[in-house]
């Protein structure tokens, strides 16, 4: 930490906003493309509408003034938050108006969650399945019911109130977006004041946010959930305001409330251990994490982040300076180290966004893996359809964010990177030895690809030849994942040494006893074997190839041996001009395009592995004779051949979606069919040449001219880049919707 010289102390509070910078007017709304000289002239060819969509939000292309760009982005964020609040409000409104939440609350193990009722217009009411408790509706798999129970919501009135609150917040956000662009817009120096931003985001957003949630959990969620777990009728449970205002009510449930704040100020904190616990594992009644553990966790997180938000130097001459930290960060082999990175991160929002997307995407994938192993909400673990949906959803989101990180890193390299300010720092050194990085990464991909695929091919061949003893499997040649098993064992044993008062390890997946709720497995030890070893190497392969493509796109965004002046051609271009063959599809955009396909591959293998593994080895029913898993443990025997994946996973488990017609799951059958069609439609764009379509269009235009109905706007074939964009969008949409309908029809039918 450094202390500032006294002359910096005298800094007075500065005005960091401009008043009324942009007048509010709807004139521009009537003029599509007002932000571009070319587009505002209106359409002459059909390419205009594509360029309009491509450039509407490309603020860099509309102005070079960083302050104006920053204000537009800042204002757009408020608009985004407004839309999120409207969406959330809609979810809560559906819970209040169209759901069986109160019935589900009374019997969450037998009644399924539903918050949508289909109106009978032409027979769609077949979709309203019987979810139990005398309610007909569509089974939802978003996890909102479990979240609401964990929050302590017991009545539909509370859901209505929260829905209205969401709309009020949305209005506030839309107002803020308008106000901070038109009335009081921050100056560039406000956006670049990173120390203030860190302090406010760490202390305010994360610190006080966690503290507020911990307070809600302690005063509202814990008492209500304790009573619900004990079987008290939701209608007889005191309302939140009664619990907050009446300490004697709380003291009946948590005796330490009698003592008030005395133990806190006398540092006798262990008195509060009746509602701030460190038990570990899952609550056997609900199959979720102990809510007293999660309240304790949020309180601890709040303390950490409130402290963290006091670390950076602002108007008082104490604390860290981000620039000083980065400039001082040098190692013996890293040249100038982090010098120059501060300037990059305060002048390039693409660089900032790239880092945030990479972190946020990784975090989303981490959430996916924790929400099944450590289910945070009551009765989440036994709702298999919701578990599968949340896992799948958070993986897809993470994959898209990580590809987006590479996209914006490449845009930064092209639009914002200045080689003169980055001599011999880490970024420059990485770019200078990019050939070594990419060629080594390429070797790793080849190694992983041939070896992982080769193990499967070997097994398929031996299986076809009737030689099971020569296969890699748990019953023949074993390839046990010994490191993963060691990690499981150490995590199972660790709490005994590091947290002797904890009742269990962090998750039953490490080892120990089965946690069953209402005769269903919530979580249990997950045994790993040869089949997991094989598919984990496919995970490694697909992830490394995705990284290879994306990283190559970033490192070669400005120049390459093939096209030394690539930076001048921009982020997306079809080829390096006429007369230079073999230079097509090399733009940074094309790397993002290819990266999306490999991201789709990678995530697909992950969610397929999860879906089959859980059905085979975890999910199922518990009775006196033991555990009966949904697919009876067939993962270990079948998942070690490609044929096994095709026959015993894809084919065997698609019968529910294929045979869903005439049942309440029939929508999934239609989506399955339609999404296959959307996916196939994408191939028409991906496998075709632009000239083919231009020829066809000209012949059709000729026919229109003959009939004197020629259009005023001249039709044009999609450009190569546009065609590829339309192709990849439909490929991903079709693929994801196919997987979604396949998973849900299956798991709702058998789960």
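Heads up, the Cβ atoms here are built off N, Cα and C, so glycines get one too.
Swiss-Prot annotations:
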{"type": "TRANSMEM", "residues": "73-96", "note": "transmembrane segment"}
{"type": "TRANSMEM", "residues": "159-182", "note": "transmembrane segment"}
{"type": "TRANSMEM", "residues": "198-222", "note": "transmembrane segment"}
{"type": "TRANSMEM", "residues": "294-312", "note": "transmembrane segment"}
{"type": "TRANSMEM", "residues": "349-372", "note": "transmembrane segment"}
{"type": "TRANSMEM", "residues": "388-414", "note": "transmembrane segment"}
{"type": "TRANSMEM", "residues": "436-458", "note": "transmembrane segment"}
{"type": "TRANSMEM", "residues": "533-551", "note": "transmembrane segment"}
{"type": "BINDING", "residues": "575, 584", "note": "[4Fe-4S] cluster binding site"}
{"type": "TRANSMEM", "residues": "591-612", "note": "transmembrane segment"}
{"type": "TRANSMEM", "residues": "665-687", "note": "transmembrane segment"}
{"type": "BINDING", "residues": "676", "note": "chlorophyll a' binding site"}
{"type": "BINDING", "residues": "684, 692", "note": "chlorophyll a binding site"}
{"type": "BINDING", "residues": "693", "note": "phylloquinone binding site"}
{"type": "TRANSMEM", "residues": "725-745", "note": "transmembrane segment"}
Among 575, 584, 684, which are binding-site residues, the residue with the most C-beta atoms within 10 angstroms of its C-beta: 575
Residues from the same chain, set at least six apart from the ends of the transmembrane segment (665-687), whose C-beta lies under 8 A from its own: 126-127, 129, 656-659, 718, 723-724, 726-731, 733-738, 740-742, 744-745, 748-749
Candidate with sparsest Cβ neighbourhood (10 Å radius) among 692, 693, the listed binding-site residues: 692
Folded-back contacts onto the transmembrane segment (294-312), same chain, C-beta under 8 angstroms, at least six residues removed: 194-196, 198-204, 206-211, 213-214, 217-218, 221-222, 275-278, 319-322, 376
Cα-nearest neighbour of residue 684 (chlorophyll a binding site) within the listed binding-site residues, 584, 676, 693: 693
Residue 676 (chlorophyll a' binding site), number of other Cβ atoms within 10 Å: 15
Folded-back contacts onto the transmembrane segment (533-551), same chain, C-beta under 8 angstroms, at least six residues removed: 402-403, 405-406, 437-438, 441-442, 444-445, 448-449, 451-453, 455-456, 472, 479-481, 484, 591-592, 594-595, 598-599, 601-602, 605-606, 609, 639-640
Between residue 692 (chlorophyll a binding site) and residue 676 (chlorophyll a' binding site): CA-CA distance (Å): 25
Positions on the same chain near the transmembrane segment (198-222), where near means CB under 8 A and six or more residues out: 150-152, 240, 243-244, 250, 253-254, 275-276, 291-292, 294-295, 298-299, 301-306, 308-312, 314, 322
Residue 692 (chlorophyll a binding site) versus residue 584 ([4Fe-4S] cluster binding site) - Cα distance in angstrom: 18
